[in-house]
Amino acid sequence: MSKTVVLAEKPSVGRDLARVLKCHKKGNGYLEGDRYIVTWALGHLVTLADPEGYGKEYQSWRLEDLPIIPEPLKLVVIKKTGKQFQAVKSQLIRKDVKDIVIATDAGREGELVARWIIEKAKVTKPLKRLWISSVTDKAIKDGFKNLKNGKDFENLYHSAVARAEADWIVGINATRALTTKFNAQLSCGRVQTPTLAMIAKREEDIKNFKPVPYFGLRAAVDGMTLTWQDKKTSQTRTFNASVTSQLAGALQGKPAVIVDLKKTAKKSFAPGLYDLTELQRDAHKRFGFSAKETLSVLQKLYEQHKLVTYPRTDSRFLSNDIVPTLKDRLEGMQVKPYAQHVARILKRGVKANKSFVNDAKVSDHHAIIPTEEPLALGALSEKERKLYDLIAKRFLAVLMPPFEYEETKVFAEIGGETFTAKGKTVQSQGWKAVYDFADEDDDEEEKDQTLPKLAKGDTLSVRSLTETKGETKPPARFNEGTLLSAMENPAAFMQGEEKNLVKTLGETGGLGTVATRADIIEKLFNTFLIEKKGKDIYITSKGKQLLELVPSDLKSPALTAEWEQKLSGIAKGKLKSSAFIKEMKEYAKQTIREIKSSNQKFKHDNITGTHCPDCGKLMLKVNGKRGTMLVCQDRECGHRKTVAKQTNARCPVCHKRMELRGHGEGQTFACVCGHREKLSVFEKRRAKDKNSKASKRDVHSYMKKQNKDEPINNALAEQLKKLKLDQ
């Protein structure tokens, strides 16, 4: 009997598919049943070969070897996951296997993961496609009843290959050229470089900003505060100090006369459902999660707990075919604290509308919403609960009536000058009943008040007149949340660019994709092009210099717009990938010529007096997310060591987080308040604390892990939190 291989992207999804398809026989990297063999990748198992794969001469980075443009680009098995590739291949080539179901993530990258494996295995069997947005049993069963023809996704695959090859051709060549030309570890790319340029522009805007003072006037009357309004501009502030100071004197002792009351019934609708970027923004704003951390937690909610739909979506809408499933999803989350809201929605009846259901605004995947899986909050970690709560409340909110209120605008005159106040009377909480936080987006200077009973013609005595003043503020520095927003909508950083390119970036979702933006930000941190101070992101000297060295069009989002426009054309079958790749090769050659002819120099302004123990050259001091490091300036040497690490250990004096400095016996905790404490003293102090759950072994284990130079934004910090070291 012939069988079908089902290729998943990850083991966890593979196990779910195998369970539904009744594949219980365990093999080496696969599960087998009567009809199906389920196997899985581990993300990418196959990738494009590095330059040294085309010849030993490319093992050394030399400017004279550039550009490197192999014909054709070769695929290689990733060494780290080579065993799993062989396990997958052995199933694909079986004689009893008649066809293959691609069950990797439903999107451009998922298509590439599977197709590259199949191509490298030299298998040409018929392909079918599983295209689902959640991995619940019901979704899997429905998906297998409606498998799509693999040929329908050929263009999507060609688009994915074109993107990967273009990134290789431009990225590899530009990075090697910059690094060898300026003898510094420099990298660039079509997404990371314009992202860095946006951070630099924001820094420049802040630096050049000149604050302008402004002035206002407030009148305190019985039961409310009135705000002066300029009759000419209708503004509640002026940049002329003499205007308000003269008014404050002239209006003293004069009453306020109510000249008009305007009452307006208003409705406020719930914010849209979450796509990945919006969820990352909110999670950073409310919980301080990094973009990568949010995606990691979300992936667990999707794969492990099966409580939410596909995470890497760029849509904030649902398609019409999802509407009949909304009732089941609501019933799955009928536990506290959501049960009362679910009951109210079900009693009223589930009503969909165009504000969140629109087929035209759903491409590969709909918005992130709960699945019908029964909710067990006790099985979730604290972070998983927080993230699920955001998704659940947003889902409930769009299914609830609008928030309704009556807005009252008061117009009064004092000595012929106009003063205003406004108040709000809630008629129906609607969707706001789901939330227990106040509006955070109300930035208006004139706040809503609880107004007394008033009538037109009323005369009120003015108890006091107060002059107010402030200054215009510079643009805020980026944090990870606002940087994600800028990457999604970079139009403000494309002044002077063609309108069609700005429009394209808007249509294609900006710089990068929902799935790659977190990694791009992380790479900028890891390569020390940007750094964090608190939550704010700053460009480093290295980042500023890099932008001076790269060709100008690599800094503009317009390059990404042009590429995405063409990649979209390839995916739709309107453009041949070969024409696009030919253009990218010419672009790479031009970029190399520009870099080679540059007369600029790169200056290490973070050089120290410490010599590298491996090569003897002076080392550079760099600030990472987890602390301070010394890195050898010789890129080929690559020696690095951590000299100060940020920890979660709290200072016994001010309770702020302490930094760990030094090595071995001499390691010392240091705090910004001036407190110093040797590691040995720290251990003794904690050992005395009978209530602490941190044993000496716990502390030593933590310190051992701290010494590893791991990528930033890892989970190490979480370990110390659990040890209760802030007692």
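Using the three backbone atoms N, Cα and C, a Cβ is placed for every residue, glycine included.
Quick look at what Swiss-Prot lists:
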COMPBIAS  685-711  compositional bias 'Basic and acidic residues'
DOMAIN    3-136  domain 'Toprim'
REGION    685-713  region 'Disordered'
SITE      TRP61  site 'Interaction with DNA'
SITE      TRP168  site 'Interaction with DNA'
SITE      ARG176  site 'Interaction with DNA'
SITE      ARG312  site 'Interaction with DNA'
Handout entry: Cα proximity to TRP61 (site 'Interaction with DNA'), best match among recorded sites TRP168, ARG176, ARG312
Key = ARG176
Exercise for the section: Could you tell me the mean pLDDT over the domain 'Toprim' (3-136), as a whole number? Expected result: 94
Exercise for the section: Could you check the recorded sites TRP61, TRP168 and say which one's CB has the fewest neighbouring CB atoms inside 10 Å? Expected result: TRP61
Completion exercise
Sequence-ordered list of residues in the chain of ARG312 (site 'Interaction with DNA') that lie 6 or more positions away and have a Cβ within less than 8 Å of its Cβ, or none, is ASP105, GLY107, LEU276, LEU295, HIS365, THR513, VAL514, ALA515
Fill in the blank from the handout: Rounded Cα distance, in Å, between ARG176 (site 'Interaction with DNA') and TRP168 (site 'Interaction with DNA') is 12
Completion exercise
So ARG176 (site 'Interaction with DNA'), by the Cβ count within 10 Å over all chains shown, scores 23
Practice task
Can you see whether DSSP assigns ARG312 (site 'Interaction with DNA') to helix, strand or coil?
Solution key: coil
Practice task
Could you put numbers on the helix, strand and coil content of the domain 'Toprim' (3-136), residue by residue per DSSP?
Solution key: 47 helix, 33 strand, 54 coil
Exercise for the section: Translate the DSSP assignment of TRP168 (site 'Interaction with DNA') into the three-state scheme. Expected result: helix
